[in-house]
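Asks: Dumping the structure here so I can ask a few things about it.
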Amino acid sequence: DGCGYTVLGPESGTLASINYPQTSPNSTVCEWEIRLKPGQRVQLKFGDFDIDDSDSCHSSYLRVHNGIGPTRTEIGKYCGFGFKMDGLITSKSNEVTVQFMSGTHTSGRGFLAAYSTTDKSDLITCLENASHFSEPEFNKYCPAGCVIPFADISGTIPHGYRDSSSLCMAGVHAGVVSNTLGGQINVVISKGIPYYEGSLANNVTSKVGPLSTSLFTFKTSGCYGTLGMESGVIPDSHITASSVLESSHQTGQVNIWKPENARLKRIGPPWAAFISDEHQWLQIDLNKEKRVTGIITTGSTLAEHDYYVSAYRILYSDDARKWTVYREPGVDKDKIFQGNTELYQEVRNNFIPPIVARFFRINPLKWHQKIAMKVELLGCQFSIGRAPKITMPPPPQNKNDDKNGDFSDDFINSVKTSLQTDKTTFTPEIKNTTVTPSVTKDVALAAVLVPVLVMVFTTLILILVCAWHWRNRKKKTEGTYDLPYWDRAGWWKGMKQFLPTKSAEHEETPVRYSSSEIMYFYFVFVGACNTEYAQPLVGGIVGMLHQRSTFKPEEGKEASYADLDPYNSPVQEVYHAYAEPLPITGPEYATPIIMDMSSHPSTPLGIPSISTFKAAGNQAPPLVGTYNKLLSRTDSTSSAQALYDTPKGQLGPGAANELVYQVPQSLAHSTGSKDEPS
C-alpha cells in the first residue's frame, strides 16, 4: 500500500512513493519490478529523495536489488533527509526490484525516481526544469510517465515555455515525446517574454504564466504543418460523415450541419451527427498518402449550441475499406485521445510515431449534448524512394538462345524477389516538430524578393512624384517678368568669360534709371507702340552682346515698381529690371530707342540724341559733356506728350525710308496744338 505515481514503460519509466510530494504515511510498503529486453541493463536516477533516517535506515528506507524474486541480490540501501545522489544506480541484468519501506516517522516526502536503459546516459527525471541547466542548448532523455499531477508548465508552441516549467512535461505537451514511451529532447534556451499562454494538448494542461527571464523551446526535425482543412486545400467532396444533423431555426430556416463545415477556424456551424452514438465518424481523404503527426479539434464554436466531443479514437486506411485503429507502440489497446472541455478552445493531440495513410476517420466516444466538431490535421508530405530501374543488355544471338532466354527469365524473377524481400515494412522514424516547417526554397525566395521589389518600385514612384511636384512649384514661383532659374545673375557670372569684354570707358559710365523713369517709359512707350513683345528699357551705350542674350544685370538694389507717379516720386538710381529673353524668330538685338534730349528743359543745347543702336565696329559712340545718365523727367510746370511714329514696315504718317522709330518730341500744350515729329 506504499506505491505512488507509477508508469513502467518498455524502455523507461517513472515511479514515486505514495502521497509524494507530501509526507508519506507510516507503516507502508511497495515493490516495483522492472523488466527490460534481454541483453539490456537498467539505470536508476533519483529526482527527489527525502526519507526519515532517525533509526539509521532500520524501519524507513529504499532498497534496490539486482533481479526479481528470491534470487535477487541487493545493490544498495538508502535513507536520509534531502539525500543527494548525483550518480546513477546501474544493474547487472535487465531486471531490477525497487523496495520502499516506511516506518514510524513525522516527516519525509518519500522519493521520485526515473529509470531507462543504460544507453541513455543523459537521462533526467520529470522534476528537472530549464533553470537547472546553464547551457544555451542541450540534449536530454525524458523517461515515460512525466505527465505528473504534482508538476505544472506555462506556455505553448511555438512561442515557448517558461523556464520554471518541467522540461519533460513540456515536451509531452509540445508533442516532442510520448508520455507512454518517453524520448529524446533538444532544448534551446532564449530570452523570456512578458506573458505565456495556456492551452490543452496531449492530455497536458498548460497554465498562463507571468514574465520570466528566460524560456525554452524544442528543436526538432519533423513535420508539423497544416494539411488543408482550414485553408481549403482539401476539397469539400473529400470530407464525408456517417450522418448529418438538420435543424430548423425559429424563423423557419433549415440549418444543415454538413461535414464540409468541419474546417478549423471556419466561421459558421460545424459538422454535427444526426445521431449521437459511438458509431458516428468524420472521414477525411488526403488524396494521397501523407505523414500525419497530429490533430487539432474544437467544438461547435456557436454560443447558442454548446456541443463538443470530449474523447475520440483515430482510424486510418489506404483504401477506405480496411481500417486500423491507432495504438501506441507496445500497448495492446486502442489509444483514446482527450478531446475538448468546452466549445471554443483548440485542443491538440500528436501521433508518436506518426501515421502514414490517405484516409482518416475520427470516431467520437464521448460528447457534450451532441456530436459536433471542427478539425485540422497536422503533418507533411510522405514519399518513398523508388527502386532503381534495372537495365539489361540484350542477350547474345547464338545457338544457345533458348538457354539464354531461360537465364534472363530466372534473373528477372530473382530481381523481383529481392525487391519484394527488401521492401521496408516498418514506418521510418521521423521526429515531430513544434514549429511550422520551413517552406521550399522557391517559396522562401519569392517571399523575400516580392517585398523588396514592391519597396523599390514604391520608392521610385515617390521620387518621381516629388520631382514632378518640385518642378511645378518651381515654375509657379517664376513670375511673368522673372527669369528662369538657369538665367539668373549667378549663371551669367559663370558664362561671363565666353562673352566679349566691355571697354573700361563703358564700364565707367553705366546707364541707370529710377523707378519713376522706368514706369514712365513702360506706360508711355510700350502702351503707345502696342508692340507684340515688350522691349527692354535700356539707354546709354551698350557693348556688343552674344546672339539671343539679354542685357547683363548690374549689381545693386532691385528696382521698385510701387511708385506709379512719374512726377512726384523721388529720383532713385536703381538698376534696370531684367529684360525677357528674345524669341527665336526675333531680331539679333533689342529694338533701339532713340531719344532727343535737346528739347528737355534742363538739357544744354548741342547735346546730340542718345541712341541704343549698335555702333559700327566695337567702338561705341562717346558721350558728350559730363552727363552719364539719361533723364526722362519733365517739368511739372509744362505738360508734354510723347509721340511716336509708326514703325518701319507699317502704314502711317511717317516716311517708309526713315529710321525704325523717330525721336519722340515733347511739346507744350499751351496753344492747344502740337508739332509734327521730326
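Yeah, the Cβs are placed from backbone N, Cα and C, and that goes for glycine too.
Any TrEMBL annotation is an automated prediction that lacks curation.
Here's the feature list from TrEMBL:
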- C3-C30: disulfide bond (DISULFID)
- 3-118: domain 'CUB' (DOMAIN)
- 120-216: domain 'LCCL' (DOMAIN)
- 223-380: domain 'F5/8 type C' (DOMAIN)
- 443-468: transmembrane segment (TRANSMEM)
Asks: With every protein chain in view, what's the tally of Cβ atoms within 10 Å of the Cβ of C3 (disulfide bond), excluding that atom itself?
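Replies: There are 15 of them.
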Asks: What mean pLDDT does the predicted model reach across the domain 'LCCL' (120-216)?
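Replies: That region's mean pLDDT is 93.
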Asks: Which chain-mates of C30 (disulfide bond) that are at least 6 residues away have a CB under 8 A from its CB, listed by sequence?
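Replies: Long-range Cβ contacts: D1, G2, C3, G4, S17, I18, Q99, F100.
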